[in-house]
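Working notes, beginning with the structure itself.
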Amino acid sequence: MKASSGYAGVPRWVLAIAIIGALFVVLPLVAMVVRVNWGQLIPLITSKESTDALLLSLRTSGAATLLCIIVGVPMALVLARTRFPGQRIVRSLVLLPLVLPPVVGGIALLYTFGRQGLLKAPMDFLGIQIAFSTTAVILAQTFVALPFLVLSLEGALRTVGTRYEAIGATLGAGPTTVLRRITLPLVLPALVSGAVLSFARALGEFGATLTFAGSLQGVTRTLPLEIYLQRESDPDAAVALALVLVAVAILVVGLAHQASLGNAGGRQRLL
Amino acid sequence: MTFTFDARVARRDFDVSFTLEEGETVAVLGPNGAGKSTLLNLISGLLAADDGHAELEGASLFDTRAGTQHGSKPPHQRAVALLAQEALLFPHLSVLNNVAFGPRSAGARRQASHAAARRWLAEVDGSEFENRRPAQLSGGQAQRIAVARALAAEPRLLLLDEPMAALDMAVTPAIRRMLKRVLAGRTALIVTHDILDAYTLADRVLVIERGRVVEDGPTREVLERPRTAFAAGIAGLSILSGVRTPTGLRTDDGIELAVSTGAAAANATEWPAPDAGTAVIVAVRPSAVTVSNRPPAAAVNAIEGVITDLEQRGDLVRVRTDRLAADLTARRVAELDLTDGSRAWFSFDPGAAALYPATRPRAR
């Protein structure tokens with residue numbers, strides 16, 4: 001370890017524990033990669049079941065991320081910029097899916113949108129059925145992924161503060177103009193990273209999806225579900241698909257990191 | 001009357017009312033926490049008054065008499081622009097787009113707003129920066145752009161909140177000169193701690209203390225004949241209050257002082273000598289005060305004082321007591337062995353002081 005400029009007083013034992021922690025995260029990934037049947041990799045991941053699951057996962061996660069942005073941005077704005085009685089309770093409730101077991105979330109969704117759920121009457125009236133459909137997958141993913149976006153954006157909004165917004169208002173910009181031309185551009189990096197986190201969480205969603213949407217090939221069987229099923233019948237296929245999921249996750253996080261780095265770099269350069 | 005203001009905010013113990021004439025620039029002076037920021041926030045609409053009203057060129061900004069919040073315009077409809085201590089240029093927009101922000105918000109098309117922005121950039125000598133990002137500007141440059149951005153919004157009233165406080169001393173004179181140019185004939189309120197700002201930029205001065213207007217008058221009047229300790233402090237004068245006697249005044253604690261309306265008090269000719277018995281104030285410049293360890297020869301005004309503070313100012317030391325202050329050379333301070341808490345005699349020539357009534361005649 002090369003010491004950078006300045007005093008960095010990290011004791012050796014801290015370093016040792018940190019290395020153990022890093023190994024704990026990396027080693028399982030290595031173990032999985034070692035188990036990959038490289039000879040059969042291409043046929044395994046290009047099978048009908050696999051591609052169906054992958055494409056479904058990408059589509060539903062994309063849709064869920066979009067939903068998260070559409071409802072999450074207003075939620076973060078209201079939490080960060082307004083004050084109302086019971087706000088702390090509302091914030092805790094909104095963030096609940098972060099700590100809730102996904103299975104519990106799935107059950108809750110089932111009792112809301114299911115055939116015998118809370119919204120049975122209006123849904124029957126409109127003639128829509130959600131449970132065990134692709135829509136249900138998207139709703140389950142949105143439910144678990146939304147807190148990531150809200151949390152990340154709310155923090156950024158608080159950090160940015162309201163001074164630029166106040167200046168914009170005194171320059172004659174109405175609230176919508178201030179939001180569009182000042183607030184959102186200022187928190188764009190946080191919005192991007194929040195969306196990426198949401199996408200990653202949606203991509204990995206398992207429990208709520210299985211409970212609320214079931215496991216129907218091409219309709220609700222996303223990649224994590226496919227991997228879980230294959231693990232019983234064809235471990236090689238499961239490992240191959242797991243590798244795909246890891247690759248997609250790394251790709252997405254990497255791209256987003258690049259995008260936000262490019263953004264920050266652009267600003268850095270200007271200094 | 002182009003701007004009238006009268007408002008109270010109970011939780012900040014704020015109760016201020018005043019008016020501005022068309023094209024008048026008024027400096028607002030006052031200690032920290034006196035209510036200057038509250039005043040600016042009330043006018044720009046970032047804070048709501050408990051009670052009161054304000055009108056700008058006939059249009060109501062807020063009016064609690066019309067019912068709760070009923071008559072309060074949101075900030076973006078007030079035509080009041082705010083220039084803060086920091087430039088606060090929008091970091092994600094170019095300089096040109098920062099300045100064009102006001103015109104764009106008012107509904108101007110891109111082309112027209114850019115044309116207006118270029119005009120205002122030229123006005124503040126900032127044309128060369130139009131394609132830069134705010135992060136590429138120095139503090140002084142950024143504040144120039146902020147001035148252009150505020151003016152481009154074509155406000156009817158411009159509020160300046162210590163616009164030079166965060167700047168490098170070296171660029172302050174150039175910014176002050178630029179402000180003097182753009183503020184000419186403009187209705188503006190400038191909060192400042194700097195006496196030079198007040199003299200250079202303002203026609204009139206308001207002194208606010210503890211949420212109240214304690215002085216209000218033409219700049220020279222307020223700064224040369226201060227009535228409050230704060231105004232005297234900012235003007236660098238020591239003031240003593242008392243009642244008029246035939247030879248000068250008797251201070252509130254009974255000290256007789258002689259003041260001659262000689263050459264040094266030339267300004268006093270504008271004023272009739274106050275009648276005996278009326279409340280008056282005497283102002284003395286620290287440079288006109290001499291200090292000694294023993295009571296000086298008779299016929300000179302001398303007051304014994306306990307030194308409260310010694311402040312190094314260039315090659316001089318300002319020695320303060322609770323009454324008079326004196327500027328002495330460092331050598332003299334050492335000779336007299338002056339320290340905090342030591343006693344000394346402070347004296348001044350009867351011709352070196354200004355005497356004036358304690359209440360300012362209403363100019364308007």
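Note that Cβ sites are derived from N, Cα and C of the backbone, with glycine treated the same way.
Those TrEMBL annotations? Automatic predictions, nothing curated.
Counting only same-chain residues 6+ beyond the ends of the transmembrane segment (A:12-34), those with a CB under 8 A from a CB of the stretch are 1, 239, 242-243, 246. As annotated by TrEMBL, transmembrane segment applies to A:12-34 (among others).
The feature transmembrane segment is assigned by TrEMBL to A:54-80 (among others).
Annotation source TrEMBL lists domain 'ABC transmembrane type-1' at A:54-256.
Taken from TrEMBL, the feature transmembrane segment applies to A:92-113 (among others). Distant neighbours of the transmembrane segment (A:92-113): 75, 79, 119, 123, 130-131, 136, 139-140, 143-144, 146-148, 150-151, 205-213; these residues of the same chain sit at least 6 beyond its ends, with a Cβ under 8 Å from one of its Cβ atoms.
Long-range contacts of the transmembrane segment (A:125-153) within the same chain, counting only residues at least 6 positions beyond its ends with a Cβ under 8 Å from a Cβ of the stretch, are 56, 59-61, 63-65, 67-69, 71-73, 75-76, 79-80, 94-98, 102, 105-106, 109-110, 113-115, 117, 187, 190-191, 193-195, 197-199, 201-202, 205, 208-209, 211-214, 216, 219-220, 222. What TrEMBL records for A:125-153 (among others) is transmembrane segment.
Among the features that TrEMBL reports, transmembrane segment is placed at A:182-203 (among others). Counting residues 6+ beyond its ends, the transmembrane segment (A:182-203) has Cβ neighbours under 8 Å at 57-58, 60-62, 64-65, 68-69, 72-73, 77, 141-142, 144-146, 148-153, 155-157, 160, 164-165, 168, 173, 223-224, 245, 248-249, 252-253, 256, 259-260, 263-264 in the same chain.
As annotated by TrEMBL, transmembrane segment applies to A:237-257 (among others). With a cut-off of 8 Å between Cβ atoms, the residues of this chain six or more beyond the transmembrane segment (A:237-257) that come close are 29, 32-33, 35-37, 40-41, 44-45, 47, 50, 53-54, 57-58, 192-193, 195-196, 199-200, 203-204, 223-224, 226-228, 230-231.
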